[in-house]
Amino acid sequence: MGGTGVDLPFDGKSLQLLSQAVARLKDMVVITEAPTQEGEGPRIVFVNPAFTRIMGYAPEDVIGRTPRFMQGGRTQRSELDRIRRALEAGEPVTAQVINYTRAGSEVWLDLDISPIIGENGRPTHWIAIERDITLRKVRELAHATESAVIDMVAAGAGLQPILEKITRAIDSLSPKGRSSILLLNDGERYLSVGAAPNLPQTFSAAIDGLPIGPVAGSCGTAMHRKSRVIATDIATDPLWVPYRRLALDHGLHACRSDPIFGRNGRVIGSLAVYYPDAREPDPIDLALIERLGRVAGNAIERITQDLALRDSEERFRMVARVAADVVWDWDIARGRLWFGEGLSSHFGYEPAEPELGIESWLLRIHPDDRERVDADLRAFVASKRSSWIGEYRLIRADGSVAQVRDRGAVVRDARGLATRMVGSMVDITNEQALQEAVLRSQRMEAMGQLTGGIAHDFNNLLTVILGNAEMLGEALADDPQLGALAGITRMAAERGAELTGSLLAFARKQALDPKPTDVNRLVSGLDGLLRRTLGEHVEIEIVRGGGLWAAMVDGPQLESAILNLCINARDAMPDGGLLTIELANAHLDDAYAAMHDEVSPGQYVLIAVSDTGVGMPAKIAERAFDPFFTTKEMGRGSGLGLSMVHGFVKQSRGHVKIYSEVGEGTSVKLYLPRAHRGATGLEAPSPPARSVRGSGRILLVEDDSLVREHVCDQLSGLGYEVTSVANARAALDLFQQGATFDLLFTDVVMPGGMSGRQLAEAVQQIHPDLPVLFTSGYTENAIVHQGRLDPGVHLLQKPYRRADLAAKVKQVMEQG
C-alpha cells in the first residue's frame, strides 16, 4: 500500500477483511475518507488495534473525526503543509510528525500515506501506515547528548553547563515536563541545584539547601532512600507535605525523581522531571532519564574530582610559599642580590656566585620571560603592595630550563620607598609536570568511562548490522546493485567498529591479549600489505637488529599500530619519500625513567617508524597524541590514529616518543617490554577465519534482544542446537534444573546483578569441564585486569563477523 494508490471497495465485508488483516500489525493503520467540502479535512473511518494501543483512543473515539485533533504545539506545521499539498494532488506521501496520545504524551510517527482510487480514477479514501519511532528518537538524542558531554568534559567545561546540556536534552523530548539535576552537598545531607533551566527560578531558589530525608519531596526522598520516587499527584502525596504548597504555587503537580549514583554506589545527586498536571510519568521520560542519569553521574564525579584536585593544588601552593628552597635577599638601593646555598644545590651555580647584580640575575631568566618579569618587579617596587609572587623559567648552570615560583616581601622606608626585598624561590618543574600528568589521567579516565558506556551499546548494534550485512551480501550475490549496497553497509559497520576501537585504545580500555611476539616476523608479514597500501611513491626500508628479543605484546594490535604510523608517514610525504622501520633491542635506564612519565627502567624492543616528510613544529608535536587532534584537511582523518597508538603502547606497559622537526621528517619510537627469557616467538600467522560448521548444544546468554535473535540465527545456521536466555539468572536456573550443554556463550556485561564472569564461575561449580566463550563490546574489569585478558579466558570481541564467530566457537569447543 505504501507508495502507490490501490483499488479497494469499502463495503462492510471489505472492512471486516481489512480489520482481520491488520489486527496483528505492530504499526498503526488509519483510513480516512477523501475530503468532500472545501477546507474540511478528511475524516477517519477505520483504525486498527495498534492505533488504540499506542495512541490510547478507542475506535469509537476517533471514527468521524479528522486526524487534526491529535496534533499539538510541537506538531511540525511544515510537514503538515507538505502532507496537505500531496493529498490535494492525489499523490502518496511519506513524512515524520509529532502527534499526541490521549494522555497527552508526544509520539514521533513515521507516516506512509497512499490514496485508495475509486472507479472515477480519483481518491475515495486515504490509508496511512504509521510507525511509532519515538524510542528511536530518544536513543538518537541520548547518543548525541553523551557525545556532547564527552566533548565538554574533554575540553574542561564546568559542571553547570554540562548538567544544563543534559536537562535541556530531556526537556526537548518532554515538552510538558521540566527537568532538574540536584547535587548532594555538605556531608551528603543537603541538596543544591545543579541545573534546572526550565523550572521557575523562585522554586529552584527555595529548594536550594534543603535537607534530604524520608519525607522530603521526590528528590530529597529519592536521595535518602537511594531509589526512584514517583509522585503522581503532589497535592495528595504524603512525601510532599512539607513542600506541597511551594510546588503547587509554581504549577508543579507531579514529579518523578531518580537518584544519581557515583561509581562506588554512593548517591551524588538526583535527576527529576516535573509535570504541570497530576499524572503517571511518561515512559519516554523514564527511558531517557535512566540513560542520561548515568551520563550525569560520570560527569559530576569527573568535574568534582577536578575541583578537588584544584583545591589540593592551592593548598600545596600555600605550603610551598613558606618552604624556603632558595632564600634570597635583594638590596634594592645597591642593586645587589644575595642567594642562599640552595642556588647551588637546586640550580647548579657555584657557591662563589651567591651575590650578583640584578641585571646579571635577569640574564639567567629565560629570554621569553625576561621582559615580563623585569616589568612586573619594577611595577611592584613602585607600588604600595607588601608582597610579590611570580612564575617564570630559569636557565640552570648546565643550560637546562627550570620552572620556578618566586615570592618575596618588601621593606619600605618612612617615605614608602622600597629599600629591601627578601624572599624564596622554589623549583616547580616536577610539580608542574605532575599536575599535567594528573590532569591528563583525569581527562583520560573521564573519556574512558563515557566512551565505555557508548562502546557497549554501539558494538551491540554493530554486531547485528555487520552480521545482517554479511548475510545480505551472500543472499544478493546474483544482484550486483543490491549486493553493492550490502557491501557498503558492511564497510560502514566496520568503520564504526574501528572508531569505537580507537576510542577505547586511546582511553586504555581495550582488552589486550599479550603474548611473546617475534617482532621481526610480524613486520615481515606486514611488508606486502604496507607496499600495497602506501603506494609506489613511498620507498620502504626495514632495518632489523641482530638477536632481536621477543616482545610481550598483543600481535594484532601491534600490527594495527604499525600500519597507523606508516599511513601517517605516507600522508606526511605527499611527493613521496623514504619510510624506515627500524627494529632493535633497547635498555631504558633509571635516569631515563626518572625524566619520563610512566616509564619503568628495563629491557625493551624498539620499533622506530621514520619518514622524510614535512615534519612538525614542536607545539604541534606536543599535541600529536591528543585525541581528535589532526593537521590533515577535513575528511582525511579522525585524529585518533596516533592517540590509539599511544594508548595501546601505554596499556602494553611500554613507552612511546615522537621526534620531529620542520623539513626534517618525523620519527615515532615504540618501546615494548621484552618477553621473559626462554619465551617462544610468535607462532605462524593463523589463516583467515572462515565459516566452519559444527554441532553440539550451545547456551547463549545475551540481554540485548536484537543481538540475541541475530546470534541465535547465526549459530543455528552453522549447525548448532541453540538455547537462548536474556540474563545470567535464567541461565543458571537451566543448569540447576539439570540441563546440559556443550558450550556456554555469554555476554560479559548484563543487568540483573550477575555478570557473565560470575555466571561462568557459578556454572563451573556444577560442570567444571564446560567450555565458556565470553563476548562483549566493552569488558571493563570483568575478564580484563590491568588492560590484559585474564589467563585461560576466551573472548570474542563485538562486533564480529560470522566467520569469526564460527571459528571461535569451533576452537573453544574443541579445546574443551
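Even glycines carry a Cβ here, placed using N, Cα and C.
As recorded in TrEMBL:
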- 14-66: domain 'PAS' (DOMAIN)
- 91-145: domain 'PAC' (DOMAIN)
- 388-440: domain 'PAC' (DOMAIN)
- 453-676: domain 'Histidine kinase' (DOMAIN)
- 697-813: domain 'Response regulatory' (DOMAIN)
- ASP747: 4-aspartylphosphate (MOD_RES)
Could you tally the C-beta atoms, other than its own, that fall within 10 angstroms of the C-beta of ASP747 (4-aspartylphosphate)? 26
Just to confirm my parser: what is the rounded mean pLDDT across the domain 'PAS' (14-66)? 83
Summarise the domain 'Response regulatory' (697-813) by DSSP state, stating how many residues are helix, strand and coil. 45 helix, 27 strand, 45 coil
From the DSSP assignment alone, can you count helix, strand and coil residues within the domain 'PAS' (14-66)? 20 helix, 10 strand, 23 coil
Count the residues of the domain 'PAC' (91-145) that DSSP assigns to helix (H, G, I), to strand (E, B) and to coil, and report the three numbers in that order. 12 helix, 30 strand, 13 coil
